[in-house]
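See below for the structure under consideration.
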Amino acid sequence: MSIFLVTGTSTDVGKTVVTAALASVALQSGKSVAVLKPAQTGVDVDGAGDLAEIERLTGGGVTLVELARYPEPLAPDTAARRSGLPLLALDDVVRVARDLDTTHDLTLIEGAGGLLVRLGVDGFTARDLAAALAAPVVLVVASGLGTLNHTALTVEALGASGVECAGLVIGSWPQEPDLAERCNREDLVSVSGVPLLGLMPAGSGSESVQEFAQTAWGALGKSPLAI
């Protein structure tokens, strides 16, 4: 049984697609998988959130758990206060994650926004959650200009709390990368000190289940997380 937390250097870097890819690779390896989304924002009660996207891409077979949903597209802490809905408590998220871990080979926790976005009561963050669970973090990063600084800062913030960064995944790799992107692919490892686990091709989130399974395996099937 193992738990990994998936976070990003910012919002919209591909966390959901990478989480789905990790789940798909694990399913193809015969593992049981759970995905926990502590807080979903920017989606109405009846709307399709990130877990629906993961279900679509993996074709089912994954246990999906969402703990809180807030309608405005804001940090969960802010969205909860503005909506009047209850804030998440760190202890509750830890309990659910540990329960899932007892019944699944792999439990993935998808954060909201970046590492230090406030998620709930007392302003706890994804870093606090990873520390409480002793869960390694998979860091989803951008490919273009600015990513070296954002990545180095996030890895440094993890290290300051004693949280392991299992590796980096570029969440959207263009078909024709420019000079900065080609250089970043090499430099991300040297500036962060952690391995680059894989690159998800741009547009892979629009693929069919079968296509996505092949893409996910090609990108992450040989990473240490797939073993």
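Using the three backbone atoms N, Cα and C, a Cβ is placed for every residue, glycine included.
Annotated features, as they stand in Swiss-Prot:
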BINDING   12-17, D50, 110-113, 171-172, 201-203  ATP binding site
BINDING   T16, D50, E110  Mg(2+) binding site
ACT_SITE  K37  active site
BINDING   T41  substrate binding site
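The two recorded residues, D12 (ATP binding site) and E110 (Mg(2+) binding site), show a Cα separation of 13 Å. Of the recorded residues, G14 (ATP binding site) and T41 (substrate binding site) place their C-alpha atoms 16 Å from one another.
G113 (ATP binding site) sits 10 Å from the residue listed as 'substrate binding site', taking the C-alpha atoms as the reference points.
If you measure from the Cα atom of K37 (active site) to that of E110 (Mg(2+) binding site), you get 5 Å. Fewest other C-beta atoms within 10 angstroms, among the binding-site residues D12, D50, E110, are seen around D12. Among the binding-site residues T16, T41, D50, S172, A202, the ones whose Cα sits within 10 Å of the Cα of E110 (Mg(2+) binding site) are T16, D50, in sequence order. Less than 8 angstroms from the CB of S172 (ATP binding site) sit V13, G14, V17, A142, S143, M200, P201, A202, G203, each of them six or more residues away in the same chain.
A sphere of 10 angstroms centred on the C-beta of T16 (ATP binding site) encloses 24 other C-beta atoms.
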